[in-house]
Amino acid sequence: MAAAATSAGAAISSMITLMRKQSFRSDFVPLMDYSQDDTSSENLEWMNKPVVKYVFRLTGLLSFISTCLNTPKTFEYHPFLQYTTFIIDIFCAIILTIEAVAKMKTGGLLVGDSAYLRDRWNHFDAVMVLSIYFSIVLQTLELIYVVNKYTYFTIIRAPRPFILIKVLKTFLKFELPKSQIKSILQRSSSQIYNVTMFFLFFMSLYAILGVQFFGALTFHCVRNGTDLNNVTKSDLMIPDTYCSPTKDGFTCPDNFMCKKIDIPRNLRGYNGFDELATSFFSVYESASQEGWVFLMYRAIDSLPSWRAFFYFITMIFFLAWLVKNVFIAVIIETFAEIRVQFQQMWGSRGAPSDVEATKILEKAEDSTLKLVNIDENKKNGVVPALCLKIVQSPLFTTIVMVVVLANTIFTATIKHTHNEITDRRNRNIYHKVETLFTIFFDLETLFKMFSLGFKNYIRRSIFKFEFMLAVGTTIHCIPLFYRSAFTYFQVLRVARLLKSSPLLEDFLNKIFGPGKKLGSLILFTMCLLLITSSISMQLFCFIKNLKQFETFPRIVLSLFVAVILDNLELEEDVKMIKQLKTREASAETQQQLPWRLRVFERFPDHPQMIELSRLPHEFSIPKIRDSFMRQFLNQDDIYTIPLELSMNMYSKRNAVRTLHTTEHRPTGESMKRTAVLNIIKNVNNQRLLSGDASQIHLASVGDNKLSIYVQQNKIRLHRNKFLDLVTYLEWIMITVTILSAVSMSFETPSNRVIDQPLLQITEYIFVIFMSVELTLKVFANGLFFTPKALIRDFSGILDVGFFLISLIYLCWLPRSVPANSAAQFLMLLRSARPLRIIILVPDMRKVVYEVCRGFKEILLVSILLVVLMFIFAIYGVQIIGGQLARCNDRTYYKQQGLCRGTFWRELYVSKMNVTGADPVMLVPRVWANPHNFNFDYIGSAMLALFEVLSLEGWLEIRDIIMDRMGPEHAIFVHIFVFIGTLVGLTLFVGVVIANYSENK
């Protein structure tokens, strides 16, 4: 650790020195003016005043708000906004026009270095001003009813949301040479361009393959005698089903025939493989992993299934997994390289010298040093010193944590029965108990405040969090606010349990410590979401009955998308060092060497082992007396030689492979002992090489004498020599294991091994080959007590277990396998047989081993995700629980008392917009929850949130909550998706990647 810290510090200092040297270079031209602070002309000094800047920012923000409110549906809901947005647009156009005219008057329009049209930011401003003027003209025509309010001319407002960039860039000010900025943009744009072309190539390839493989899929099952020129919903199957006119796909049932239905594209949809454009769109949709399974099933029903299997499996592998992740990786690496270049913009990370120290080292009662706050042990006012000791005692903390745990468990027992009387009685009981818990935590907060003093109390972040919870939960206990939005404060008490684990607390500080960085990331994500939402709204708001794009709140909910970049992989300084080293290495490789030295580029970078067969006969090694060594080794804290180092066996008839390895140089008193141990090890190895295999007495430790006798075992060596061809043996066993796994895939409840002789032969072959393999390994390496014994390795234990399970199954061969029986458990263990492939392939075994070495961090992230799900589940049980049940008859949708009897319900038939009424069927009225989720108790709430966490069906859960409780409750699902999915799961993947990169 010390060496790593020293090297990191040296690298940082050299990097800072390099930056300082670069800052004094003559080509450093400071500041491409991203903040538009132009002080080169006295005529524009008034534009750099704070008040004028504030007016420009406010103008851009008002223009963005006006764009978000400018939709036909918004004007229908709130008519006064039509005139409000019109006045705001006129005001913004006047202010931005004044700014542009002032710049033109000072620098000119085209002539001169500071001309208005020579600056790209001025081009951007000019486009924004023109868009506002076009919007004003269009709105004027709408007000005088010359143009319909649902006109597609609203598309001209689509560029206006980009004006938010003008507002944000006024806060940025950094200094970099123009040549360096140009180099950064060229390099990053080149990388992004290359990977974009790579991505588009695969999309075009699969678009062409889709047209050739599938073509137009328009065959449907219709009733016999259907008029194909006038197909109605009553003519189709329920639900509508694609079919194949041949025997290769789905065959229509009796009284139905498979016919081609030719209807316009706007009625049957635009996804498919009819032509290249439609196929390209379908491939893009499939690459996003949304709805691709419906296209695959359509192709399976219409054509031979192997085409769909081959096409969609390879497309998802290459486009959705491989190429798209390569694209994301290039974006991340490009951003990381830009971040290194822009370190001068972010300034020094060192703490200011004028910051007052808040912690000191203090000696504790057990003679250890402890880092505490300056005023932590300082007596405040009239409060006795005993109160301070009580607050700081472990017993007090333990009692508080136990009460928090009890409150959490009690809250998790809430269950809704949909019985009004029972639920009201339970609500009153939980309210009273929750009030008692709140009083306890309020007293805890007051006691800490009086003991530490208010200034010292409020200084620490954890106490600020506890104070906020105390205030919020106190308001929550008021009957008017019980189970309202203040419930968030009550469920956040669970987060206090994280404080009970120092390991988990340190992990949280490491991840979420830089709040400023995380806040900037969230702000960037929100701005991206707002801009994208507003643009999409202006592009599609003129389409009637398209509710997702009618108003700004709807489009924000429809386009809830965010991007989480690498946040956990490394600390910022270490990440910066690695990026600088990579940059230097890439710069070095670009230099051309002389022709006489370029031959060395062909040499490998790593040293190779060489064979020295006569080395043991060149030197005569004297024996070392035991009495001489005892003065160094006869100590209580001696470290003995590891067994595997002292029992190396060499044969003078075999070539010896040697490889130089660097050794750790100890310091202090251990240096002498380590040096002697190295001498003994080298001397004994050389004596063995020279053929002297007599007894060697190494050392005596106290009363226990360790004597190691090394003898040449010719049989063992010959067996090892046989297993030098272990690659062939492993390949044979890999092949046998794969064949066994394939044979297992043909087993079904009605097709057991005992019924099929071929499957029995495969089972016998696997058991025989595995018995031979284990026998050879036992003879070569031993079973229990040898250094490389079979049982000493976990993989060897698994091999023995697989063999015994297969042998027992082969002797038994059960014909019937009842549920929850011993035979079922044995077959469950037998199904893990393909795991042997991971054991047999060294590279796969290494990958699994390196990933599993980060088990601690993976476990911590898993705990964080479970705690997060538990917090939101408790909130959902208290707020949403019992509120989702509705009647399946829309006539009595919210009337539980009238939800009885039967009614005629319409049935869904097809996505195609064909004529005819929907078929109906008589069904009973039922008052029930949604069929796939509810929040009535903690278990079902956790299951529903886990489904949301996987991003499967979360839109359905959100829409049902919005429909039955109101749009304001949809924020609950969106917050959980943002924190749980886009942060939690990304954090989980980041931990796995970081651990693998570190351990490999």
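Residue 1 is the first one shown; counting continues down the chain.
Glycine is treated like the rest: Cβ placed from N, Cα and C.
The model shown is predicted, which means the values in this text are computed figures rather than measured ones.
Positions annotated as domain 'Ion transport' by TrEMBL: 52-341 (among others).
Residues or ranges marked as transmembrane segment by TrEMBL: 80-102 (among others).
Under the heading transmembrane segment, TrEMBL lists 123-146 (among others).
Using a Cβ-Cβ cut-off under 8 Å and counting only residues 6 or more beyond its ends in the same chain, the transmembrane segment (192-214) has close neighbours at 272-276, 279-280, 282-284, 287, 299, 302-303, 307, 311, 315, 318-319, 323-324, 326-327, 330-331, 334. Positions annotated as transmembrane segment by TrEMBL: 192-214 (among others).
For the transmembrane segment (308-332), the list of distant contacts is 191-192, 195-196, 198-199, 202-203, 206, 209-210, 213-214, 283, 286-289, 292, 295-296, 299-300, 565-566: same-chain residues at least six beyond its ends, Cβ to Cβ under 8 Å. Feature annotation from TrEMBL assigns transmembrane segment to 308-332 (among others).
TrEMBL lists 394-565 (among others) with the feature domain 'Ion transport'.
Long-range neighbours of the transmembrane segment (462-482) within the same chain, counting only residues 6 or more positions beyond its ends whose Cβ lies under 8 Å from a Cβ of the stretch, are 431, 434-435, 438, 441-442, 444-445, 448, 452, 488-490, 492-493, 495-496, 499. The annotation transmembrane segment is assigned in TrEMBL to 462-482 (among others).
Per TrEMBL, the feature transmembrane segment maps to 521-543 (among others).
What TrEMBL records for 722-744 (among others) is transmembrane segment.
Annotation source TrEMBL lists domain 'Ion transport' at 728-998 (among others).
Sequence annotations record features per position, and here TrEMBL assigns transmembrane segment to 764-785 (among others).
Per TrEMBL, the feature transmembrane segment maps to 797-815 (among others).
According to TrEMBL, the transmembrane segment annotation covers 859-880 (among others).
The feature transmembrane segment is assigned by TrEMBL to 969-994 (among others).
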Legend entry - Chain residues outside the transmembrane segment (859-880) and at least six past its termini with a C-beta under 8 angstroms from it: 408, 411-412, 414, 416, 483-484, 487-488, 490-492, 494-495, 497-498, 503-504, 507-508, 935-938, 941-942, 944-946, 949, 961, 965, 969, 972, 976, 979-980, 984-985, 987-988, 991
Legend entry - Whole-number mean of pLDDT values that fall within the domain 'Ion transport' (394-565): 80
